[in-house]
C-alpha cells in the first residue's frame, strides 16, 4: 500500500475525515486514528471505540491546557515515551455518565470551545487530554504533537482526538495490519516522519543568528549560533572541517546539564570536553543544546545525590532538545552521522529531518 503524503493527510483532516498516522518502528510503531477535534461527532467516537479499541485521547497545546487549568497527571513522568497525560476530564454540562459516545463528543466540544474555561469541565472524566510540546513534531515525534499539528495545518483548532489501533486479539496493530485496516475502512495512512519532513521544509523552530571562529583548548572551531524561535533560547554548533552531504560526519549532540557539565557528575563517556577533543582530532560537529533548568528538577537532583538515590531518572526532559538538535544538524547539511553516544539509544523519526545514524561511537 502506498503511504499518503503529509499534504494528503492534512487535506483529509481539513475535510473532517479520519486518518491513520504511524510512528517509527524503533518507537512504539503504533498507528493511531486521528480526527480534528473541530470535526468530532458521536459517530466518530463510536468508530474509534469499536474499531480502534485503544484509549481515546484529546491532544491539546500548552496554551489550551493552561486555559482549562488542566494539571498534569503526574509531576514526574517516568513513562518510557513520556506520554504527557493531564487529569482526565468531562464536560460540566450536557452529559450523563460521561462514557457514552454522545457524552464524550460533548466533552471534546466543551474543551476546545474558543471561550472554554476551567468552569466548563470537571475532573476526572472519560476523555484523556494529552499536552503537546511547543514546536509540535519538530520538538517531539509523538502522536500527541502530530494530532495538534495536522489540525493546525488544516486551518482548524490545533487539537485532535486520537486512539491507538489494536488487532482483533487485542495486540498492537503494526504496519501490515494497519495497511489492511486502512484499505478496509477507506482511510489514508501516513507517517509522523513524513509530517516532520513536511514541517521541516516549510517551518522551522530555529534561525541562524551568527557565525564566527572560536579558539578553545582543543583547537579552533567554526561556531554557528542559533536562536529557538519559540522560547528564544540560544544554541551552538561547533564545526571542525568541511561537511560533505554524502560523507559520514562525526556528530555529538550535547544537552546542557548543570551537574554533568560543571560538577562532572554521572558516568557518561562523552563529556563536553571529551566530545570537543574527539571532534577536534577527527573533524565533525558538536551541537550544544541549552535549556532553562527547572529549579524543582535541580533541587530534586541535589536531594537524590544527598540520599544516594538510585531510582530511575525522569525521562521526559530531552525530547524537545533532541528535536532542536536534529534541526540544527539538518541546517548544517548533515545527512549521515557517526554519533558519539554512551549507548545505542534510538532517536525517533530522524528520517523526517533527513538524518541517518550509520554508527554509534561509544568509545
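Don't overthink the numbers, they just go from 1 along the chain as shown.
Glycine residues also receive a Cβ, built from the backbone N, Cα and C atoms like all the rest.
Swiss-Prot lists 27, 28, 32, 140, 141, 142, 143, 144, 164 with the feature D-ribulose 5-phosphate binding site. The Mg(2+) 2 binding site annotation in Swiss-Prot covers 28, 143 and rests on similarity to another entry. Taken from Swiss-Prot, the feature Mg(2+) 1 binding site covers 28, and the record attributes it to similarity to another entry. Residues or ranges marked as region 'DHBP synthase' in Swiss-Prot: 1-201. What Swiss-Prot records for 202-363 is region 'GTP cyclohydrolase II-like'. Among the features that Swiss-Prot reports, site 'Essential for catalytic activity' is placed at 126, 164.
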Where's the emptiest Cβ shell within 10 Å among the binding-site residues 32, 164? 164
I'd like to confirm something. Which of the binding-site residues, 32, 141, 143, 164, has a Cα closest to the Cα of residue 126 (site 'Essential for catalytic activity')? 164
Go through 126, 143, the listed recorded positions, and name the one with the sparsest Cβ surroundings, counting other Cβ atoms within 10 Å. 126
Mapped DSSP class for residue 32 (D-ribulose 5-phosphate binding site), helix or strand or coil: strand
Just to be sure I understand the packing, how many Cβ atoms besides its own are within 10 Å of the Cβ of residue 141 (D-ribulose 5-phosphate binding site)? 28
For the region 'GTP cyclohydrolase II-like' (202-363), what's the model's average pLDDT? 83
Look up residue 143 (D-ribulose 5-phosphate binding site) in the DSSP assignment and reduce it to helix, strand or coil. helix
